[in-house]
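In TrEMBL this protein carries:
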type    : residues                     : note
DOMAIN  : 11-168                       : domain 'Metallo-beta-lactamase'
BINDING : HIS54, HIS56, HIS111, ASP130 : Zn(2+) 1 binding site
BINDING : ASP58, HIS59, ASP130, HIS168 : Zn(2+) 2 binding site
Amino acid sequence: MTVYPIPAFLDNYIWAIIDKKKDVFDCIDPGEAEPVVAFAKTQKLKLRTILLTHHHNDHIGGVGQLIKEYPACVVYGPHDDRIPYITNQVQINQAIQVGNYSFHILFNPGHTSTHISYYESRQGWLFCGDTLFSAGCGRVFDGTMEELHQSILLFKKLPPATQIFCAHEYTQQNLRFAQTVEPENPAIKAHIQHLKQQPTPCSLPSTLNMELSINPFLRTENKDVIQYAFQHGALSSNSLEVFKILRNQKNSFT
């Protein structure tokens, strides 16, 4: 596999894209530097490019140390004064070339007001930061619920085989919430069992096709999800109304 997860903090993943022919790699959202440097030394690689999705420190905290270690490294990110060290600010719908890969910049506000994702259509890769998780989605911080809902709807338009590279290992807890929303959903039950039998704790990447079957935030038009929303205060079956109920319920779910 070309893409590898570098674990960081308690549950972050810093995704590494390896170019073996050139002995380099690119990484997404390095919240801390030490695991990235250790990965580089173990793999005998140099860091070529950093891709940033948003300003939260657990996604950008390692950038300063990494560019000292690898001064030729290029840093891409959104226009946001809260993100230092960016050498190449990206624009919405821009395509950037990173080695052999062309990433399309998707604007995904909601979790934060300037959140972006990197989509490689030929490989079917989506590096979506904290906008979408397996069986869940990000909380709203300085974005809005309406923005997050629209960002999730944008992802639904991607090809079903798209691989979803989320930035956190939240899958098991998200599945527990998803099962309270849809207790009879066989895909949720099957995925819970699958993860129990998996030899490694990393549940990612997921696929859009999988998420469309297990993720309540992508299933706001499903009758059981709508019924759950009505039981928790929804006044209509409107997709945004259902989404807001789901997000608010998930905020207090333990």
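Start at 1 and count along the chain as shown; that gives each residue its number.
In case you wondered, yes, glycine gets a Cβ from its N, Cα and C as well.
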Please report the Cα separation of HIS54 (Zn(2+) 1 binding site) and HIS168 (Zn(2+) 2 binding site) in Å, rounded to an integer.
14
By a simple count, how many Cβ atoms lie within 10 Å of the Cβ of ASP130 (Zn(2+) 1 binding site), its own Cβ left out?
25
Tell me, by DSSP, whether HIS168 (Zn(2+) 2 binding site) is helix, strand or coil?
strand
Other residues, Cβ within 8 Å of HIS54, HIS56, HIS111, ASP130 Cβ centroid (Zn(2+) 1 site):
THR53, HIS55, HIS59, THR112, HIS115, GLY129, THR131, GLY138, PHE141, ALA167
Hey, what's the Cβ neighbour count for HIS168 (Zn(2+) 2 binding site) at 10 Å?
19
Among the binding-site residues listed here, HIS56, HIS111, whose Cβ has the fewest other Cβ atoms inside 10 Å?
HIS56
Output field, Zn(2+) 2 shell: CB within 8 Å of site CB centroid, site ASP58, HIS59, ASP130, HIS168 dropped:
ASN12, ASP29, GLY31, HIS54, HIS56, GLY129, ALA167
Under 8 Å Cβ-Cβ from ASP58 (Zn(2+) 2 binding site), six or more apart in the same chain: what's there?
ALA8, PHE9, ASN12, GLY31
So of HIS54, HIS59, which of the binding-site residues has the fewest other Cβ atoms within 10 Å around its own Cβ?
HIS59
In whole Å, note down how far the CA of HIS56 (Zn(2+) 1 binding site) lies from the CA of HIS168 (Zn(2+) 2 binding site).
13
For the domain 'Metallo-beta-lactamase' (11-168), the mean pLDDT of the predicted model:
98
Whole-number answer please: how many Å between the C-alpha atoms of ASP130 (Zn(2+) 1 binding site) and HIS59 (Zn(2+) 2 binding site)?
9
